[in-house]
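Here's the structure, in structure tokens; my notes come after.
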Amino acid sequence: MARHLPATAFRKRRSALSHAQRQTWERLWPEIGISAVSQTRSAERLDTGAWFGRSTLVVLEVGCGSGTATLAMAQHEPDIDVIAVEVYRRGLAQLLCAIDRDQVHNIRMIHGNALYVLQYLIAPRSLTGVRVFFPDPWPKVRHHKRRFLQPATVELIADRLLPGGVLHTATDHPDYAKQIAKFGDGEPLLSRADGRTQLPISTVRPTTKYETKAQHAGNVVTELIWKKRS
């Protein structure tokens, strides 16, 4: 049976930027951000070495939100380059201001749909890690097809990972956690990682405001990690 990538749909959110955010965006975005909102299949693959100005391990974070985890994990591993993808401009602006404040040099950003980025901008076997933290669970059954992590998406991610590369996910939605586990374990190129598995990147992440709120509501966070087979 053919695998199909999920239908792309996003919830509406306020996206107005503050005056300070607009100023920072105008000054820094041309240097460390690109827009993939206007999607075209003829887009060129990213040259990450040219974009970052060095050749090193690269991690892609899907749906970075306001960038709390992105910033902390990039600061923890300054020798690893991070590409943060987010469809909401306001979240990227918040991250951009934090990058400017803390003078972090190993983060780049893409404004657009992560599925498009993975399909057309990221080359096969080019990433050391893909992070998907708290993707929208789309809890209604009729909306499950919109969930980002589907068998076809996991297959695409596995193709973009280098051998030994890492898929790191987290969710506070129990049904989605079961689905993610099933899809990840069902991907032939991936094997489940545990505390004894040697990984090329850190999987230590900060607790975000969203996660704290979820825990206070009694939700259990499930963290799932896979390593691409050599």
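Cβ coordinates are placed from backbone N, Cα and C, and glycine is handled just like the others.
Taken verbatim from Swiss-Prot:
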BINDING   Glu61, Glu86, Asn113, Asp136  S-adenosyl-L-methionine binding site
ACT_SITE  Asp136  active site
BINDING   Lys140, Asp172, Thr208, Lys209, Tyr210, Glu211  substrate binding site
With Glu86 (S-adenosyl-L-methionine binding site) as reference and a Cα-Cα limit of 10 Å, the qualifying binding-site residues from Asp172, Thr208, Lys209, Tyr210, Glu211 are none
Whole-number answer please: how many Å between the C-alpha atoms of Lys140 (substrate binding site) and Asn113 (S-adenosyl-L-methionine binding site)? 22
A 10 Å Cβ contact count, applied to the binding-site residues Glu61, Glu86, Asp136, Asp172: which residue has the minimum? Asp136
Glu61 (S-adenosyl-L-methionine binding site) sits from Thr208 (substrate binding site) (Cα to Cα, rounded, in Å) at a distance of 15
Check: same-chain CB within 8 A of S-adenosyl-L-methionine site center, minus Glu61, Glu86, Asn113, Asp136: Val62, Gly63, Cys64, Val85, Val87, Tyr88, Ala114, Pro135, Phe148
Give me the Cα-Cα distance between Asp172 (substrate binding site) and Asp136 (S-adenosyl-L-methionine binding site), rounded to a whole Å. 10
Lys209 (substrate binding site) falls, by three-state DSSP, under helix
Near Asn113 (S-adenosyl-L-methionine binding site), meaning Cα within 10 Å, which of Lys209, Tyr210, Glu211 (binding-site residues)? none
Diameter of the S-adenosyl-L-methionine binding set by C-alpha atoms, the set being Glu61, Glu86, Asn113, Asp136, in angstrom: 14
On the Cα atoms of Lys140, Asp172, Thr208, Lys209, Tyr210, Glu211, which are listed as binding substrate, what is the maximum pairwise distance in Å? 25
